Amino acid sequence: MKSMTWLIHLMRPYWRRILLALILSTLTITSHIGLMTASAYLLARAALHPPILDLMVTIVGVRFFGLSRAVFRYFERYVSHDVTFRVLSQIRVKFYEGLEPLAPARLFNLQSGDLFSRIVADVEIQQNFFLRVIMPPMAALLVLCGYGLFLANYDLRFSVILAAGFLLAGLGIPWIIRSLSQGAGRRLVSLKAELNTQIADSLLGITELLAYGQARTQLNKIERTNEKLAHQQRRIARLSALSSSLTGMLANLSMWLILVLGIVLVEQGKLSGVNLGMLALGAFSSFEALFPLALVPHHLEQNRAAADRLLELIKAQPAVTDQESVSPEPKEMSLAFQEVSFRYGEGEPWALQRVSFRIPEQGNLAIVGASGSGKTSVVNLLLRFWEYDEGKIDWGGYSLRDYPQQRIRDSIGVVTQRTHIFNATIRENLLLANPEAREEELIQAAQKANLHDFILSLPKGYDSFVGEGGFKLSGGQRQRLAIARVLLKNAPVLILDEAVEGLDPITERAVMEEVYQLMEGRTTLIITHRLSGMEKMNEILVLDQGQVVERGKHNELLQLEGFYRKLWDNTVQRPPLEDV
Ligand SMILES: Nc1ncnc2c1ncn2[C@@H]1O[C@H](COP(=O)(O)OP(=O)(O)OP(=O)(O)O)[C@@H](O)[C@H]1O
């Protein structure tokens, strides 16, 4: 129910347009009724051969209703779709507003296909809410009142027959269809989401599927889900056809009942014979308002299921929330962890336990350790993606929690192993870090990152497209682009999280040289499990299972003959770059 209240709340600002759409929809059906009644009356009168002038008003009426039906239909479609698309854009805005604070912590649990399905399909479904759920019953009610009153002018029993037909077709048939559909609407929504998830997953992993010869198996899985979806869609199509026939039958029945009653009244001299066809055909055509009603419960169910999925996400509690207090100004660009403990969720193992370190302004620190030891978790906390459970993180003399998240992120430049390159030009990818950067600054950053010459060698230089995920760039070029971004951002704090992971040894060392230059004048945290260049670091922290097991300088740690020594011995030692 909450989700329906949410949707209605979003529609409230457009109540004038909604009212107009409703009036236009009622007028369209009224014109249809008018056309049928006027035509039937005209035929009946014409059969009596009256003077042509007596028929003029009716002839004009037939022409008028014939035209007005088309005109009202046009404007009704225009206004109702305009309202629908306005509401859809509101939903999208609200959804993105709700989604943003959840990134990345709360979104990790969702598969990309599922998220995509919510963003696109679940939002799109809401276009049915006004067009197929709210408007049809209201228009039907107005038509019943209008034509019922018209019939009551001749005999109240006509109105009773019409009301009974409307009740059966407007409530009885939807009830039957709802019972027969047995939650098909909800299943359709979840099957579509499942199909999207499977397709997205398969596309992302297409290389692995091909390499392991599993493409056919995955395709079969998709086909099975697709078949289940098609089965549900066929069921809905059958029910839709059934509902149309039942409504048509009731329309005919009501028409016949009105006709029979009319004949009796004509025989009793209480009704003129020329009105007979008009009243019966008018009743028949008024059922046009009832055809969409049978599927209202089905659409409502789909809307609720999709809106529930949207609300589930945007009403989720963000992992980190900004405090109300005014943001302090850091006294200096230093960073300190004091006995910090953290885990990703209640009941999960500790990712960090009582970790302490301090990086003075413009100082540097490296955190090394085996895979899964908690290195990236340190970065996640510093960037305020997650909230730490115990201890204190201090930034420039104040608790990290005192700063708004954006304030912290504005001061940090990050180069990670998975630098995301957007499907745009090199220029646009660079400007992401500083949209105001001038051309000279752009070139300077690219030169310092050793990327400028490569960019110039491309046919369109800085305006060359790099493809989705930067597939036209090599691993080294991608990391250099990330370094150029950090240079452009010119942030006082630098975090390098496995920045050279996945690069060949020569490129790794070349990129590392650029990274070390980047460190100058910046407070730097390097996360790595490769130990080349560690002798340049002021302090090295060795993490194992979330705990600091060793700390000190490179040579001191080697002499300890402990964990670091083991890591060092297992790392292939490479000669300096000049010797390569
Ligand atoms: N989003 C998450 N939800 C739950 N647990 C997580 C999440 N991310 C990491 N972990 C767990 O936290 C622990 C520390 O992970 P972390 O990514 O910090 O290690 P790491 O040292 O950076 O590893 P790697 O070098 O492989 O990147 C691991 O046991 C990991 O399984």
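Every residue gets a Cβ built from N, Cα and C, even glycine.
The stretch that TrEMBL tags with transmembrane segment, taken from the ranges 1-24, 241-264, is 241-264. When each of 52-72, 129-150, 276-296 is scored by its Cβ pairs under 8 Å to the transmembrane segment (156-177), the top-ranked stretch turns out to be 276-296. Computed over the domain 'ABC transporter' (335-570), the whole-number mean pLDDT of the model equals 89.
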